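Below: the structure, in structure tokens.
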Amino acid sequence: MLPQKQGEEAIVSSFNETDQQEGVVGREEEVEDHSFSVKNFLWHGGSVWDAWFSCASNQVAQVLLTLPYSFSQLGMLSGILLQVFYGILGSWTAYLISVLYVEYRSRKEKENVNFKNHVIQWFEVLDGLLGPYWKALGLAFNCTFLLFGSVIQLIACASNIYYINDNLDKRTWTYIFGACCATTVFIPSFHNYRIWSFLGLGMTTYTAWYLTIASIVHGQAENVTHTGPKKLVLYFTGATNILYTFGGHAVTVEIMHAMWKPQKFKYIYLMATLYVFTLTIPSATAVYWAFGDELLNHSNAFSLLPKNGWRDGAVILMLIHQFITFGFACTPLYFVWEKVIGMHDTRSICLRALARLPVVIPIWFLAIIFPFFGPINSAVGALLVSFTVYIIPSAAHMLTYRKASARKNAAEKPPFFMPSWTAMYIFNAFIVIWVLVVGFGFGGWASMTNFIRQIDTFGLFAKCYQCKPPPVMAAAPPPHALHH
């Protein structure tokens, strides 16, 4: 990647004149230089491939380990069909977000607004296109979702490392990994995740195929049963976890803004989802085939596979990847916080890192309160992802282009596979109604019922969620028995 191309391209100027302004917080303007730089190669990303790696890596994090649990709640057929269904819906709404970003950016650039040293975020797109009420709605849902998305990564870290070293309980591991993940405050923006995104996707690819192959080699457990959906509450809990799986694009706008040519993002999320299918469907299917209903009480797939070097390797790689995903989820929160306290245009990485630290503290605390790995995914999916990722983008697109003049002057016309504005409206309306009723309604009821059951069973601040009880020590003989 040549440094002179590291400036973002202005969207307005016929989509072809390069704007050499960075538009990225905390970075100096690049000097035109044709020499190869290792720093640029590893640190400064903004290509289509960088965006693809970021989307795929962020989408397929710890959910790999909970999807077999969801299959045990849904049954094999429903599990596969819902993955495909929500994968398509998620790709469509990511496309809508990219269209709205381009529309917002093009309107602002026509007004000569300069985005140098400012990262555009989703709530700002909503504000610019639909007004302050939509800004508040987007800010509330997006920030809350990203907050709990970060919480889930911390919980997953503690859950996974426990299967390598159970000398410490999961709560203690949460303390340790909270401190480790706090180091993400030093990563300025999504430009700087190039090498991490690449490594992260490699790690999850290894883990997915480890789960698949290890389950097949293990074979079916003795007396395994596959009863499938037995209760509505379990069915909708599992369905909502899959909705959550393919709703990882709360950071879409930030990833787009980190691209040199953001208008090329349109189909990147779909391409990422197609790759993710090759990881999630085989692994979840194989683990469920091997262990069946036993997964209902084991939300982490690692817990049922035999301990060996291959499993330990997968655990370690997932831990590193969860650190990366924590950074993905937290970085937009860092940006929001910087804007609130007036530090967003600060050049010093150290000053910005110091300013960002307060964001990590509530995440750490919530991970200790709600350590329910698995059930918390479904709750977040139903209550937050349903709005953040599916309902709000679909409704926002419908309202942005409700007038004929807006459709006529749209920066992005309807896609080639759906060239009619009417068809787009119908599909968007279907998504809003479906996700509102099935995802938020039934999914919210089921996931919260299950979540409350976990609280009743294990309590808040559970020291070691779903850990095996310690072996009962044999009772010592009574003192008089020792004197025969």
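Including glycine, each Cβ sits where the backbone N, Cα and C put it.
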Exercise. To which residue among ASN16, ASN223 does Swiss-Prot attach the annotation N-linked glycosylation site?
Worked result: ASN223
Exercise. Regarding membrane topology, does Swiss-Prot annotate LYS110 and PHE451 with the same topological domain?
Worked result: no
Exercise. To which residue among ASN142, ASN297 does Swiss-Prot attach the annotation N-linked glycosylation site?
Worked result: ASN297
Exercise. What is the average pLDDT across the topological domain 'Extracellular' (157-172)?
Worked result: 76
For this session: Quick one: of ASN223, ASN297, which of the glycosylation sites has the smallest count of other CB atoms within 10 A?
Result: ASN223
Exercise. Do at least three CB pairs under 8 A connect the transmembrane segment (426-446) and the transmembrane segment (267-287), leaving out pairs fewer than 6 apart in sequence?
Worked result: no
Problem set entry | Residues in the topological domain 'Cytoplasmic' (254-266) grouped by DSSP into helix, strand and remaining coil | 8 helix, 0 strand, 5 coil
Seminar exercise, completed: Residues in the topological domain 'Extracellular' (218-232) per DSSP class, helix first, strand next, coil last, are 2 helix, 0 strand, 13 coil
Exercise. Whole-number Å distance between the CA of ASN297 (N-linked glycosylation site) and the CA of ASN223 (N-linked glycosylation site)?
Worked result: 16
